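Annotated features, as they stand in TrEMBL:
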SIGNAL    1-21  signal peptide
DOMAIN    80-427  domain 'Peptidase A1'
ACT_SITE  Asp98  active site
ACT_SITE  Asp309  active site
Amino acid sequence: MAPLAVLISLVCATLAAGAAGVRVELTRMHSGPGVTASQFVREALRRDMLRHNARRLAASDDGTVSAPTRMNSPSGIEEYLMTLAIGTPPVHYPAIVDTGSDLIWTQCAPCSDQCFKQPSPLYNPASSTTFGLLPCGSPLSMCEEAAAPGCSCPYNSYNQTYGKGWTAGVQGTETFTFGSTPADQTRIPNITFGCSNASSSGDWNGSSGLVGLGRGAVSLVSQLGAGRFSYCLTPFQDTNSTSTLLLGPSASLDGITGVGSTPFVASPEMGFSYYYLNLKGISLGTTALPIPPNAFSLKADGTGGLIIDSGTTITLMANAAYQKVRAAVVSLVTLPTSADGSAATGFDLCYALPSPTSAPPAMPSMTLHFDGADMVLPSDSYMMQDSGVWCLAMQNQTDGEVNILGNYQQQNLHILYDVRHETLSFAPAKCSAL
């Protein structure tokens, strides 16, 4: 999840020929009452690791469809939620939005005792005139045996695991309604989704399901034929402004200066949902860091590589690369380190500021050198300040694991995923003003 939790309310939606596409307003909600920034960060890092562990599950060969998700915690931290409606008559429900997975699902009645509490009424397919079971053998089936002779998945059942939990049910088709008012509502029929009759207990962040925006065939992006989508996330410290997510033709960086573009890297089979990029190196100021050339490489066996992910808060990088970044920061900062700050936030490198209200010292920008484009991060996109503590907002992990460009490093960047042309484009922006 982003270092910010975001509530999404859909304000305009249509993908009819020639239309602008889907527009989603993102309202930033940091955390629950009484939650400090340090508590927020520590909880976000914990969820990031659960999400990262889920990716390892996705590589297992146990017949379970696996993907990460992001849950809430007792601290009250929220996530990205999209409000939409399903069925005829429409039943409104909030769903977590996830660019790192594909399936669209909601809990359905009847629901077993293994269902989590949700804020909206359960959707009941028996009460909808537009519900249908996904035909056996459908190319959108998530059941591995669906294409076998005799169709041994009679209801295209699924069991999808996440970073901390799971959901199971059958796939169906339904009419989804997008739009917050009758004037801007658009109904789109025959969307394939998961009708979950059992899910793990726990706090699913005030949601009733999940909407996947990954690269797979069952994601909302793929099913709408959107071709591209974009977002611009407001700064972490800005709790008042809204951001915007666009899907379809209206997602564009045309007319914006300073746009850089880099191609997506072909995904390995086990990570098909993810958006891989070719990161070739990192500079701090004018100094190119001596990072091993293969630190971010995607290996033939599917390990390594780097993905951009809206569902991970903090950038995770191979230890060989992280240690070079850390050393470069240490060489420029003369403040005393803070073990208490590291303990409070979970970050490896923290400094003590002279006082809680002290401004941190000036730091140069960090540049991520992608294939064909440089992404420039100002210091407040890689350093984080909270109550007199100033930390490097990145984490290391075992060499060979997937590297992840998290959302904290994406703030104040207008980012366009052009799935159709296999390109990620980005430009610096004042997202609060858009």
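The backbone N, Cα and C atoms fix where each Cβ goes, glycine too.
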(Q) Around the C-beta of Asp98 (active site), how many further C-beta atoms are within 10 angstroms, looking at every protein chain? (A) 27
Q) To the nearest whole angstrom, what is the C-alpha distance linking Asp309 (active site) and Asp98 (active site)? A) 9
**Q.** Other CB atoms, at most 10 A from the CB of Asp309 (active site)
**A.** 28
